[in-house]
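Notes to accompany the following structure.
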Amino acid sequence: MGPLSARLLMQRGRPKSDRLGKIRSLDLSGLKLLSEHLDPKLLSRLTQLQELDLSNNQLETLPANLGLPHLRILRCANNQLGDVTALCQFPQLEELSLEGNPFLTVSDNLKVSFLLPKLRKVNGKDASSTSSQVENLNRELTSRVTAHWEKFMATRSPEEEAEKAQADFVKSAVRNVRYGPESLSEFTQWRVQMISEALVASGGTQVRETGIPERPSKATAAQEPRARPMALKRSGDVSLSLSPSKRGCPSPPAHVEGSPMGSDGSQPALDLEPLHFLQCHSKNNSPRDLETQLWACAFEPAWEEGQAGATSQTVATCGGEAVCVIDCQTGIVLHKYKAPGEEFFSVAWTALTVVTQAGHKKRWSVLAAAGLRGLVRLLHVRAGFCCGVIRAHKKAIATLCFSPTHETHLFTASYDKRIILWDVGVPNHDYEFQASQLLTLDAASIPLRLCPVASCPEAYLLAGCEGGCCCWDVRLDQPQKRRVCEVEFVFSEGSEAPGRRVDGLAFVNEDVVASKGNSLGTICLWSWSQTWVGRGKRSTLAVVVLARLQWSPTKLAYFSLSTCPDEGIVLCGDEEGNVWVYDVRHILTQQPPLPAAPQAPTQILKWPQPWALGQMVTKTMVNTVVANPTFTYLTALTDSNIVAIWKRP
């Protein structure tokens, strides 16, 4: 499509007219328009235009001077927009559609709400709750910038040049003033700069909510009951205000069992405080739903350059028909994806580099979710839509994980007793995936946990199965595309015969594996390298046990364990609603022989029961517990539809 013409506008405009100034509705969708095709001189002649459809084109930006003063409805769905600030030229806008723009984030949604004070609907949904969130953020940011101004100016000498001091203040505020979840940092820094510049322009006298566009009083009144102010976590607090989109109980004090380092070498208790107890997977958002089973969670890694191994404070949880993405600091549910008729069992993150039609490279965070129906859904989290479905298995998928070395390689493990390695590929210009199958691994029993070997993830894959712990060769330079288990590991020392279920499996560091299920009441730490070196041609290997950790004596199964390799932490829930925390750094560095008796946990996190959630929860089990790599946040999932979040100060 070339540049627009007046003739084309009159052909596609309504009502039909030979004068551009009389057109009120214009449909320019599906014309493969680029940003440079939108000629401001031509479009500014549409002086009475109220509705404009630019959807299904290839727009990356909107020109800043289109001159459409009466525009009320704008549709820009399915483009490649990466910025929304140009929308401020349409102050009368009431309805806006931005769906299918994969490079827009939740921060852009907040910018839209801030820039367009009359906006009623975004993507067909009521915009008032977002407006309330923006107003709350503005109040807090204005207060913090004002406090920063007073502190900053108090350190300046009277002789210092005022203009330079003011410029330094704006830079300092943008650098130091922080509030809200990390996923909103782009929006908050944008607003901090605007507030700081307005404060400087007023000479420091403007302390109200700087720069907030006034909204119609009726809309404001309607918003009052819809949201509560977000609260900061202050010293001594044990609860936070919750957003109205989820249900939660007040965060009670966590009872912590653990003692300081003593003469027996026990580890000091870790300082963890409860932040949130959420019900975000409830059927019909009902606070009475205490039955939806929650199965898995995973923290989104930090994909920015120079932050390898870091993590955000964003966690994905799955259970029932929903996948939720939660900001751990505030407890806000940033995104919620539902698939009616599905029950999600597992989630996993990756990041993909996508090239736009204009040749620009963009980094996508993609969340894979799978469960009962044997389908893998690839979710573009920040844009809020499903951009691909893989029909992976005919039976339910128990778990999945991405390769740590190939961002597009995904392992899926199913109740059909097969593990399949997929290459999900990179989405095309229509944001569609074309997945291909690379390997099929046959198991003798149902695989429950997947774990690429930390020291050689491209070569071997471990799996905890109903019948034990197995290993497969997954090197792609080998000719066979369908393979059987290479080795079965035997936990014979101090336990029962081989073949016992292994329902917990994770690497503690490059060599040490933590596994659970092969013997009651313990978690086993064993060496991959010392075990593997004795393999030879054997198909069964006894693991070289380094230590055992004391755990619950329950006979119940499927309590998943996890680790924080950088921190030397092992975590596991139990049938009583407890979280067992082990700091195993002293074990990893201790010279043999190690103590024969199981090592006690560093601490056990508990909270009072029953929980106050509108009805009594007399008993709950923690199925899954995961922490981010820096062990800043810890998330636990229960069988009574509760997501519990702790923070280490």
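All residue numbers here begin at 1 and follow the chain in the order shown.
From the backbone N, Cα and C atoms, a Cβ is placed for every residue, glycine too.
Residues or ranges marked as domain 'Leucine-rich repeat and WD repeat-containing protein 1 LRR' in TrEMBL: 7-195. Residues or ranges marked as domain 'Leucine-rich repeat and WD repeat-containing protein 1 WD' by TrEMBL: 264-647. What TrEMBL records for 203-268 is region 'Disordered'. According to TrEMBL, the repeat 'WD' annotation covers 390-424.
Here the repeat 'WD' (390-424) has long-range neighbours at 296, 345-352, 368, 370-376, 378, 433, 435-452, 457-458, 461, 463, 472, 474, meaning same-chain residues at least 6 beyond its ends whose C-beta is under 8 angstroms from one of its own.
Secondary structure of the repeat 'WD' (390-424) per DSSP (helix as H, G, I; strand as E, B; remaining residues coil): 0 helix, 20 strand, 15 coil. Mean pLDDT for the domain 'Leucine-rich repeat and WD repeat-containing protein 1 LRR' (7-195) in this predicted model: 88.
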